[in-house]
Amino acid sequence: MPAIVVLGAQWGDEGKGKATDQLATTDPIDFVVRTSGGHNAGHTIVINGEKYATHLLPSGILTPGATSVIANGVVVSPEALFRELDGLIARGVEVADLKVSANAHVIASYHATIDKVTERFLGKNQIGTTGRGIGPAYVDKINRVGVRIADLFDEKILREKVEAALDVRNHLLTKVYNRRAIEVDAVVEELVSYAERLRPMVCDTSLLLNQALDAGQTVLFEGAQATMLDVDHGTYPFVTSSNPVAGGVCVGAGIGPTRIDRVIGVIKAYTTRVGSGPFPTELFDDDGIQLQTLGGEIGVSTGRTRRCGWYDAVVARYASRVNGLTEFFLTKLDILGAWEQIPVCVAYEIDGQRVEEMPMTQTEFHHAKPIYEYFDGWQTDISGCRSFEDLPKNAQVYVQALERISGAKIWAVGVGPGREQTVVVHP
Ligand code: GDP
Ligand code: IMO
Ligand code: MG
């Protein structure tokens, strides 16, 4: 299986880090690749009880023998990159080989400044971004005033590009937002200071990955963010500024769609969301608090509490459709062990009508009320289960029911955060 995509099927934090790490340790994986987003991601990997969080780095950085790749579609803060690498090294981690695309766009300090200022100006309409400068960096890319990694090696060009990027931005900052202008010299000086350490990592990652696939090597594309946060297919405008869907992997890595063999959608056995925006199955009662508490639903990147709700099969079917999922990795089934009955949203009621598919308009989605079916709980600890047969009957029924209504088979189920706490349903 040479090219495998792992992506988020809900609003993020589904357990993509764990799923990626699990795949990378059970099969020999040659490359683990990030293709979109930046250090707005927060992926948790638990190895032998020890917890690691990756943000910009692919989870493969913890897998000796696999090369980690930050491909062209990612927005890279060199400061965040080295802070994260140094953090792992300080913990004694033997970090894997890392390659960074020469074409990836750079997040400079001014992108984070602009991210925070624009959010503040949006007031009650704010997106609830991570404040990491992701949106402004993608704006510069699309506006053709972005700085790319390769520019850090030519100070003259770099200065011209930073001047162009800051020209209008500084007018905005000083005249509209009432902030100090950003100095070109300081930005250039900071970015140039990363160049020497970056140089050996930088390459044409599209060429590298295509050659690897030609040679029959296995490449794992680790998604960040998720389908419902996709700028085209998510709950716009409450989304991130990139394309975390499967199609985005091709653009973000410079590989063709015919290369991809498996597309795995990671999905929680319930739903969570950080930041603003519609969320039909969101709970505002004790069940919501209990999911939040038992699931440890606190953001890895920002420390924000995640909003919680029941599993939404409309979202699952939508994710299956827009990503062409070949399978799901269902995580956090163990968290549902506390409930006598488990509701699952099978469709929406919108203005008195039963709706089975994601509604076409934002207004309809805002009005969507979940229609629930109820499943008997198993009320026992399943974190020690290692095969489907080990799971209590009611848990098996729950997984099989989700498989029937979610649009793709459930390949594996997570029963705990640890690498080994995985039950493979369809080997
Ligand atoms: P990601 O952004 O998709 O990689 O997910 P996060 O790391 O932000 O959040 C997922 C959280 O769930 C992390 O704390 C994981 O350690 C944890 N996790 C992943 N899979 C499972 C599982 O099957 N059971 C439990 N209890 N925790 C899990
Ligand atoms: P992982 O990879 C959950 C959300 C933010 C905000 C919106 C836009 O860990 O699943 P941005 O800073 O990207 O412009 O914020 O997207 N968001 C995430 N939510 N998990 C993530 O990543 C997220 N990355 C961005 O909370 O609502
Ligand atoms: Mg996360």
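Numbering starts at 1 and runs along the chain as displayed.
Here the Cβ of each residue, glycine as well, is placed from N, Cα and C on the backbone.
What TrEMBL says about a protein is an automatic prediction, not a curated fact.
TrEMBL has this to say about the protein:
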- D13: active site, proton acceptor (ACT_SITE)
- H43: active site, proton donor (ACT_SITE)
- K141: active site (ACT_SITE)
- 12-18, 42-44, R306, 332-334, 414-416: GTP binding site (BINDING)
- D13, G42: Mg(2+) binding site (BINDING)
- D13, E14, G15, K16, N40, A41, G42, H43, T130, R144, Q225, T240, R304: IMP binding site (BINDING)
- V300, S301, T302, G303, R304, T305, R306: substrate binding site (BINDING)
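Secondary structure at K18 (GTP binding site), as computed by DSSP, is helix. Checking Cα-Cα distances from K18 (GTP binding site) against the recorded positions (N40, H43, T302, R304) with a 10 Å cut-off leaves H43, in sequence order. Highlighted in sequence order, G42, V274, I298, G299 have their Cβ within 8 Å of the centre of the Cβ atoms of V300, S301, T302, G303, R304, T305, R306, the residues recorded for substrate, and are not part of that set. Mapped onto three states, the DSSP output places T44 (GTP binding site) in strand.
Counting other Cβ atoms within 10 Å of each Cβ, the binding-site residues V300, L333, V415 show the lowest value at V300. In terms of Cα distance, the recorded positions that sit within 10 Å of N40 (IMP binding site) are S301, chosen from G12, K141, S301, G303, V415. Within the set of binding-site residues G12, G42, T130, R304, G12, G42, T130 have a CB atom less than 6 Å from some atom of ligand 2.
In sequence order, G12, S301, T302 are the recorded positions from G12, K141, S301, T302, R304, V415 with a C-alpha within 10 Å of the C-alpha of G42 (Mg(2+) binding site). Neighbour density for T305 (substrate binding site): within 10 A of its CB lie 13 other CB atoms from the protein chains shown. Among the recorded positions N40, H43, R304, the ones whose Cβ sits under 6 Å from an atom of ligand 1 are, in sequence order, H43. In sequence order, the binding-site residues near T130 (IMP binding site) (Cα within 10 Å of its Cα) are S301, T302, drawn from V300, S301, T302. Of all the binding-site residues listed here (G15, G42, G303), the one with the fewest other CB atoms within 10 A of its own CB is G303. The 10 Å shell around the Cβ of R306 (substrate binding site) contains 19 further Cβ atoms across the protein chains shown.
Only D13, G42, V300, of the recorded positions D13, G15, G42, T130, V300, T302, place a Cβ under 6 Å from an atom of ligand 3.
Using a 10 Å Cα-Cα cut-off around D13 (active site, proton acceptor), the recorded positions H43, Q225, L333 reduce to H43, Q225.
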